[in-house]
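Here is the structure we will look at, set down as structure tokens.
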Protein chains: 2
Amino acid sequence: MTKFCITILGCGSAMPTTLHNPPSQLIEMNDKLFMIDCGEGTQLQMRKFKARMSKLHSVFISHLHGDHIFGLPGLLSTLSLLGRTADLNIYAHKEIDFLINPFLTYMGNHISFKINVIPINPHSEEIIFENSSIKIHSFPLNHRIDSNGFLFEEKKSASHIIREMIDYHKIPYHMIYNIKRGDDFITTEGDVIKNETLTVPGTPSKKYAYCSDTAYDPDVVKYIKNVDLLYHEATFAESENKRAEETYHSTASQAATIAKMAEVKKLVIGHFSSRYNELGVLLKEASLIFPETELASEGKIFEL
Amino acid sequence: MTKFCITILGCGSAMPTTLHNPPSQLIEMNDKLFMIDCGEGTQLQMRKFKARMSKLHSVFISHLHGDHIFGLPGLLSTLSLLGRTADLNIYAHKEIDFLINPFLTYMGNHISFKINVIPINPHSEEIIFENSSIKIHSFPLNHRIDSNGFLFEEKKSASHIIREMIDYHKIPYHMIYNIKRGDDFITTEGDVIKNETLTVPGTPSKKYAYCSDTAYDPDVVKYIKNVDLLYHEATFAESENKRAEETYHSTASQAATIAKMAEVKKLVIGHFSSRYNELGVLLKEASLIFPETELASEGKIFEL
């Protein structure tokens with residue numbers, strides 16, 4: 001399988017600080033970059049962390065609070081200045097028109113590529129992108145306004161055929177493709193050689209899930225079951241759990257509880273409130289419930 | 001006179017780089033902050049350089065290219081999160097409605113203060129703000145779209161009365177105010193004591209001018225004559241003078257020529273093209289014509 005990694009461009013929340021930028025991250029899969037959320041300064045963070053603008057495939061917006069979208073006009077302008085010609089798909093709630101339409105009107109003929117806004121469904125899980133090797137789902141979260149999480153999934157790779165079995169059974173070259181995909185082999189004598197004796201399973205497909213912004217909600221578990229990496233917001237420490245509830249955000253221990261229920265391999269927490277200069281308390285509270293927890297930070301790369 | 005200083009928040013141009021942020025600067029006068037231009041990331045730069053958001057008095061937008069305005073939505077949102085209640089005046093070309101109106105509509109009731117867009121005149125010089133100690137002018141520049149420069153001017157302070165003359169002429173207390181402002185003193189005997197024998201001139205008033213974005217245009221000289229500090233764009237080196245002409249920008253030596261003609265005390269050049277990693281060539285070319293030239297850089301403070 002090719003590289004599958006997540007670069008954190010910003011893991012702050014509504015109020016930017018000198019420590020954390022507004023939310024944005026890049027998912028690299030199959031040499032393409034998918035962006036989730038685009039807070040103010042995202043294009044500057046891409047430059048800082050040397051992300052290739054030309055590799056940007058599409059953008060996924062979780063919800064329409066300013067800290068998740070105010071970097072879009074600048075990013076789109078810069079892509080145009082760089083001469084991008086490929087369409088850019090923006091997957092977002094349809095109300096994003098409020099931002100995109102005036103931008104397009106104002107830019108007039110000066111934008112070098114086409115922007116397609118693809119509305120996402122705030123009420124149920126959907127596959128929103130699929131090609132031969134990648135599948136991307138969106139699913140509902142539980143926030144003050146419509147908010148969606150995203151699941152990035154590698155497609156199951158074909159099995160590997162066992163070289164010695166090709167020789168032993170004299171399997172013709174043209175049959176290998178289908179055997180890798182599950183067929184049994186039938187000899188010229190009519191004997192059936194079971195697929196499982198001919199192959200070993202391919203590389204396991206990996207999964208990454210993004211859940212931000214959201215209140216604590218066990219309903220999300222079914223969408224993110226067993227993922228290799230879960231990014232879940234942890235805006236507050238447990239001492240602020242009332243504030244978390246009021247604002248439809250999560251505490252670090254709630255993020256960890258979701259990770260535990262979903263039996264994910266690893267949890268990354270982010271979307272930190274500007275009140276925390278020091279994140280030790282969030283990490284500690286989450287790790288008590290789910291030890292495989294790590295703090296997000298700008299520039300950090302998580303490889304799956 | 002009180003503090004009068006300029007903090008550079010960004011001195012890059014259309015394409016942000018890791019070296020330079022998009023244009024923005026803060027003018028501190030009389031304990032108020034006036035912002036000129038507001039490129040993406042301006043609020044982050046304010047935090048970085050510890051500028052007090054609560055002191056922000058008003059915003060002046062030179063023109064409506066994205067690199068000068070895309071930081072506004074984030075800044076306005078943050079001011080609202082911080083609970084600002086004072087009106088915020090934004091002085092800009094009226095077409096800025098394309099950005100502000102959808103923002104206000106989208107934010108609905110969630111913005112804590114009133115935003116007043118005050119249209120500036122792209123065709124002639126005007127006083128756009130005035131109080132007891134400050135006067136701010138806008139004047140036309142020469143760019144691809146309507147663009148204005150700004151002149152920030154302290155009002156002439158009152159003369160200082162000479163203490164010994166009060167005693168000598170037995171000047172009553174209630175007459176001092178008018179003498180400081182230019183009146184002669186008439187003694188009880190009817191003798192006229194000339195003002196110039198009673199006073200020394202007050203602290204000279206200082207002036208700062210901002211000229212960006214603009215092509216080289218000697219017409220601007222009349223608006224910025226004798227200012228203490230001139231910020232003039234110098235997007236290109238002389239080797240790119242054709243490109244400067246085509247894009248209605250200036251070269252460093254053109255900026256210096258304007259400074260020389262206007263007989264300013266000091267020139268700061270900025271709005272650097274992203275092609276320059278090293279700005280020595282721009283400084284050298286400008287200094288040859290106008291030795292009192294300095295390069296802008298993020299975080300630099302110029303005190304008048």
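In case you wondered, yes, glycine gets a Cβ from its N, Cα and C as well.
A coil conformation is recorded for A:His65 (Zn(2+) 1 binding site) in the three-state DSSP classification, outside any helix or strand. Annotation source TrEMBL lists Zn(2+) 1 binding site at A:His63, A:His65, A:His143, A:Asp213.
Using a 10 Å Cβ-Cβ cutoff, A:His271 (Zn(2+) 2 binding site) registers 29 neighbours. Per TrEMBL, the feature Zn(2+) 2 binding site maps to A:Asp67, A:His68, A:Asp213, A:His271.
Long-range Cβ proximity for A:Asp67 (Zn(2+) 2 binding site), meaning a same-chain Cβ under 8 A and a gap of 6 or more residues, is found for A:Gly12, A:Ser13, A:Ala14, A:Pro16, A:Pro22, A:Pro23, A:Gly39, A:Glu40. Annotated active site, proton acceptor per TrEMBL: A:Asp67, in sequence order.
With helix defined as DSSP H, G or I and strand as E or B, the domain 'Metallo-beta-lactamase' (A:203-272) counts 27 helix, 18 strand, 25 coil. The feature domain 'Metallo-beta-lactamase' is assigned by TrEMBL to A:203-272.
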Practice item. Please report how many Å separate the Cα atom of A:His63 (Zn(2+) 1 binding site) from that of A:His271 (Zn(2+) 2 binding site), as a whole number. Key: 14
Check your understanding: For the Zn(2+) 1 site given as A:His63, A:His65, A:His143, A:Asp213, which other residues of the same chain have their Cβ within 8 Å of the site's Cβ centre?
Key -> A:Ser62, A:Leu64, A:His68, A:Leu141, A:Arg144, A:Ile145, A:Ser147, A:Ser212, A:Thr214, A:Tyr248
Review point. To which of the binding-site residues A:His63, A:His65, A:His68 does the lowest count of other Cβ atoms within 10 Å belong?
Key: A:His65
**Study point:** C-alpha spacing of A:His271 (Zn(2+) 2 binding site) relative to A:His65 (Zn(2+) 1 binding site), in angstrom
**Key:** 13
Check your understanding: Looking only at Cβ atoms, how many others are within 10 Å of the one on A:Asp213 (Zn(2+) 1 binding site)?
Key -> 27
Check your understanding: Roughly how many angstrom lie between the C-alpha atoms of A:His143 (Zn(2+) 1 binding site) and A:His68 (Zn(2+) 2 binding site)?
Key -> 14
